[in-house]
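In TrEMBL this protein carries:
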DOMAIN    5-129  domain 'EamA'
TRANSMEM  24-46  transmembrane segment
TRANSMEM  58-79  transmembrane segment
TRANSMEM  85-106  transmembrane segment
TRANSMEM  113-129  transmembrane segment
TRANSMEM  135-155  transmembrane segment
DOMAIN    138-271  domain 'EamA'
TRANSMEM  167-187  transmembrane segment
TRANSMEM  199-222  transmembrane segment
TRANSMEM  229-247  transmembrane segment
TRANSMEM  253-271  transmembrane segment
């Protein structure tokens, strides 16, 4: 049940991000989403008798990761105003591929199968980048930037001194990320007149997308094999594509469908070899 929650909820956040960003200023939507979600996560930690206190070194680590991961999500907010959610989800699904590339750049040994998966995966991405009615150059560029930021944040989170309580770490990452974005929101918010659907999408992202989704994910990390948990990385895009078709009238060209299959397949190979520890969506 928890695995299906992660599949469906995190796959649906792409739709939520696009709808929320339609009438709520992007930086305002992103910053307040993470501030609210971080506060709710902090309450959960305290209600479960956990502690939000941590050594200064761990707090600094949370601040660094908080600038990158929620920051990547803010970039995705901008991207999804210029690209179909199906294509966006596939580009974000490339995060494990970017992590492997970065680890190779650090001269780390990687399984041959993972390297092969990366090569094939980027070939699939190349097909997705061909002219497509549901994606502009700006939208594609922002998605790639977002994916790279997520990859850097994921890589650092596995190497920095992080709190043992992952919920506490996540709450601080969200709070710090949201706080860093807030000043930009103040300068970019004009004519604030959100629609009911955008407000509903924002609430969904805060409560279901962030709090429920991440709580289910952390439960799975303790109670399920990491290989099984990691399948979210290539199931989420399938959910996002389906929702885009049903609710947004999106469609994929034949080339995009081939590219999508290649990307999802390559991510499955890479994740099987190198399961991700940090989720690529919230």
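Cβ coordinates come from backbone N, Cα and C, glycine included.
Of the candidate ranges 24-46, 85-106, 113-129, 199-222, 113-129 has the most C-beta pairs within less than 8 angstroms of the transmembrane segment (253-271). Within the chain carrying the transmembrane segment (229-247), a Cβ under 8 angstroms from the stretch's Cβ atoms is held by residues 3, 6-8, 10-12, 14-15, 84-86, 88-90, 92-93, 95-96, 217, 220-221, 260, 263-265, 267-268, 271-272, 275-276, 279-281, all 6 or more beyond its ends. Here the transmembrane segment (167-187) has long-range neighbours at 25, 27-28, 30-39, 41-42, 44-45, 48, 50-52, 54, 58-59, 62-63, 65-67, 69-71, 73-74, 210, 214-215, 218, 282, meaning same-chain residues at least 6 beyond its ends whose C-beta is under 8 angstroms from one of its own. Per-residue pLDDT, averaged along the domain 'EamA' (138-271), amounts to 91 for this model.
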